[in-house]
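Scroll down for the structure; my scribbles are underneath it.
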Amino acid sequence: MLRWLIGGGREPQGLAEKSPVQTIGEEQTQNPYTELLVLKAHHDIVRFLVQLDDYRFASAGDDGIVVVWNAQTGEKLLELSGHTQKITAITTFPSLEACEEKNQLILTASADRTVIVWNCDTGRQVQKVSYFQSTVKCLTVLQRLDVWLSGGNDLCVWNRKFDLLCKTSHLSDTGISALIEIPKNCVVAAVGKELIIFRLVAPTEGSLEWNILEVKRLLEHQDNILSLANVNDWRFVTGSHVGELIIWDIMDWTVQACERNFWDPSPQLDTQQEIKLCQKPNDISIHHFTWDEENVFAAVGRGLYVYNLQMKRVIACQKTAHDSSVLHLAKLPNRQLISCSEDGSVRIWELREKQQLAAEPVPTGFFLTCGDLEE
C-alpha cells in the first residue's frame, strides 16, 4: 500500500506551523506521522521533480524557480532563480567521465525560450542559451553519444558546448510532449496521439555532420500522449489524456500490454476487464511515470497507482494523493516516491507490503508546501 510520509497543500494564511495529519488510505487506521513541519518553497504550481542523488532532489514549476531539497530531512538547500517564466522541462546533466571535478548539474527549460545549466552543488548558472524558436517542452541527455536533445515544435540535437548539431523540420504546433532514449541510437518522441521513432546518425568518415532520420510512427493511442518513460532494458511505457496505458517492446516497438482505461483495483472488481476510474477526463489522465525493477508508478488524475509488470495489474493505489492533478513523480531509495501537483504541494510516499505495517515508532514527518497564490 502507499503511505503518506511527507506531504502538503496550499494552506490558508495564518495557519499554525504544525498541524495533525489526517488518516491516509483505507487500510491505514492510524497514521503514525502526527506532526508536520511547514516549509515554504514554491509560489505556484509544482510540475517537475528530479532525483539528484540518494540525499537530494529538485522541484520546479510555474514560479520559474528550482528548489533543491534534502530528501531525508525536508530541508531546503538551494533556490535557483534565472528564468523569467514558468519552467517547462528539467533533467540531470551528467558530468563527463574524464572530468576530475564531478559536479551535479541539471538542465532546465522555460517558457521564456531559454535553457540553463545549473550547478546544484553551488547554485550557480553554468551556461544559458536563449535562441530557441519555440518553448522547449522536454529535455533528454544521451550520455553515450555525449549530446543532449530538446523537444518543442521541432527536435534539436546539441553538444555540451551548446552548439546546435542538427534538427528536424517543424513537427507540430502542439510540440513534443515527451522524449526518451531507446537502443540503436534512437529516441521516441510523443507528438499528439503519435509516437515517432527517430534515429540519430553520428558523424563518420564519409559524413562530418549529424543527422536525424524519422524511422516509424506508432498510432495505438486514441488521445494525446502525456507521459512516456523507459521501464527497463526491453520495455517502455506510454500514458494518454484518457487513461490509456501501453507497454511497448523497446526493440521492435510492438505492444506488449494495454489498458484503455485506468480502473478501480478493488478485489471484487477483478473480473471486469475495463472499469473507469471516474467520469471526468482530467481525473484519468496519466501525467507521468516512474519505475523500478518490478513496477510502474503512474500519476493518474489526483492519484498514484502502482502497476506490476509481471502481474499486469494495479497492486496498490492512493486515489486522492493530492487535491489536484498529480503532475510528476520521482523515485527515491528505500521504496519511496515524491509527487508534485497542481495544488502546489510536494509529498513523499513509501510503498510497503501489508506484513510490514506493524506497530512502529512515531517519527516526525515534513510538510512541503508552496506559498499561497494570489487570486
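Even glycines carry a Cβ here, placed using N, Cα and C.
Between the stretches 1-25, 101-125, 201-225, TrEMBL puts its region 'Disordered' entry on 1-25. The DSSP breakdown of the repeat 'WD' (39-79) into helical (H, G, I), extended (E, B) and coil residues amounts to 0 helix, 24 strand, 17 coil. Secondary structure of the repeat 'WD' (80-128), assigned with DSSP and counted as helix (H, G, I), strand (E, B) and coil, comes to 0 helix, 24 strand, 25 coil. Per-residue pLDDT, averaged along the repeat 'WD' (319-359), amounts to 78 for this model.
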